[in-house]
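Below: one structure, written as structure tokens.
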Amino acid sequence: MPNSEYPKEVLLMNNEGIQTRIPVSQRQERSSTPGPREAISFFLHGKRYRLGSRILSDQSHDLESWYESFLLTTIASSIETPRMVNSYCNVFPGFAAKLTSEEVKAMEKRTGFISARPQQVLPLHTTHTPNFLGLHQNMGFWRDSNYGKGIIIGVLDTGILPDHPSFSDEGMPPPPAKWKGRCEFSFTGACNNKLTGARHFRNGDGTPLDFDGHGTHTAATAAGNYVRGANLFGIANGTAVGVAPLAHLAVYKVCSSFCSESDILAAMDIGCVDVLSISLGGPSRPFHDDNIALGAFSARENFHQLCWKRRSSNTSLSNEAPWILTVGASTIDRKLVATAVLGNKQELNGESAFQPQDFPAAQLPLVYPRLNASDFNAQHCSIKSLNDTVKDAGGAAMILIDEERQGFRTSADSHVLPATNVNYEDDLKILAYINSSSSPTATIVFKGTVIGDKNSPMALVSTVNILAAWPTSAENNTNTKNNFNVISGTSMSCPHLSAIAALIKSAHLDWSPAAIKSAMMTTADTMNLGNRPILDERHLPADVFATGAGHVNPTRANDPGLVYDIEPQDYESSGSSDQTFTRIVTNVEEASSSYTVEVVSPRGINVAVRPQTLNFSELNQKLTYEITFRRSENAGTNTVSHGYIVWKSAKHSVRSPIAVYGQIFKT
């Protein structure tokens, strides 16, 4: 959910005396289970099956008939007829149905049965970012890519508000002839040349309409049309536009009260789109036991580029299958500054999306109620969990303080009260001041939008404080209506990368999903705008698990020099004390070009590349090299070390990060 990834405590400033322990309003938690009967995903691998004397084709109606035959053999012993939820023919042959454990056991005896697994439920995890990414109107890569013209981006999320101005089709061409999508709104005129289709699925609420905001925001971030004068209560003012403004949108509502795997797979199974943007993430699982990873592999084989978010933490990862473009979040060089000014004259810069210019400069009493809420959302200061309670208790403003693990990271939210979110280091200064004073006071000075932070990006697409479309009016205490909102997290990363993939696809129609992914990864930046190493949220040099390949550079990704057009067999792992991998690179530079390798070996690992020079004589020529990893005698067996290789020509640098876990080299 938006901003729930940033736990905070709350400090209160009030006009008059306020009790130090405030009961926080309860908020109903998003359901994490699909219902009383568990949905079981049933998988059948292979392309053709024999039913009696007839071999089934790949046509969906043939497969569906076969799937139904499995259900018919089990209902005799069932009190309630099993219900088919979704059937699949593209992501993999199989179906999802609501079944009892006894019914699953009965199916296991059928010829063709492979496996059955319980369905998992996945959580939901602008005006400036195009410029920050180096995309400028009427020049450079943005112009050369035709702004994503002719590419269809499929967004799997909470739906969409179709009449938002970001989804106007002004200046949009018709969708490509291959598009055969549907528009399942109950009213006419909802879909157009921008929003070419919208669908909902069986576990949903019967409409593609977005009642949450997450889906509308991600869709507009990816491919929203130009909206002049976009802002959130006057903050982050400018022209809102998606990263691929001439790309088409196909929206699939796979989340309502929960996000079910069966609906996600059903949306992936539809096909017809060029890029899939999925800002969802569940727990890490082995690939062979991960329904979504298996479906994504088939989707990749069908030439769909897939972008998934990872969890917003350096200590956790989801959607890590190597055939998926997994993204992290970073800051941008724009701050929505709101400064907390303490009674002892300390000034501590934070951020806020609601910045009333008439807020009094006078110092107000400062109260720290501590963590006294029983509700999870209130403990972590999620949107709508605190505002009204604080306001009703007499609070005039709020200072939100982060937990230690958030480090120097802040986010700008809109509140019904004036507020600022300060980082953990400044939190400690505020708490020390409160403990040292018998009558602590504070105020907030709102400084508006400030651009030019050279420490950005921090670890990896610019996705903190992103302004984009919103289906309902964001709240503040002035009753001002606003149809844009600022939210943060890896959920915002995914539509940025999906749209960049659409731009590259539009410029290189013959490139495969693997080639596009390679282009973005091997050209990514590892330095910030100040030409220093990218930092993590603690202001320490970020390691490869924080940065991945680096921060995306769209212009360089459009001209990468070499690409790794990976084949399925390249994903196979091996295990020995010495490991050698063969890699194939494709020349997409000039016909004649030469590359020499530079190796920075991880600590305790010897890395050898053969040959050390690659000489290309024609465009799209493929050459092979081998890379061998050998553990040195003093290498630890339970440590992770980092390095990289770079293939360099006169014009290009093609960089691949290396992370080695010593355990895999144990003999």
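Quick reminder: no glycine exception, Cβ is built from N, Cα and C everywhere.
The active site, charge relay system feature in TrEMBL is assigned to Asp157 (among others). The Cβ of Asp157 (active site, charge relay system) has 29 other Cβ atoms within 10 Å, all protein chains considered. According to its DSSP assignment, Asp157 (active site, charge relay system) is in a strand.
The active site, charge relay system annotation in TrEMBL covers His214 (among others). For the recorded site, His214 (active site, charge relay system), the DSSP three-state label reads helix.
The active site, charge relay system annotation in TrEMBL covers Ser491 (among others).
TrEMBL lists 58-125 with the feature domain 'Inhibitor I9'. Regional average pLDDT for the domain 'Inhibitor I9' (58-125) in the model is 71.
Residues or ranges marked as domain 'Peptidase S8/S53' by TrEMBL: 148-526.
Look at TrEMBL and you will find 573-660 tagged as domain 'Subtilisin-like protease fibronectin type-III'.
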For the domain 'Subtilisin-like protease fibronectin type-III' (573-660), the number of residues DSSP places in helix, strand and coil: 0 helix, 55 strand, 33 coil
Packing count at His214 (active site, charge relay system) (other Cβ atoms within 10 Å of its Cβ): 24
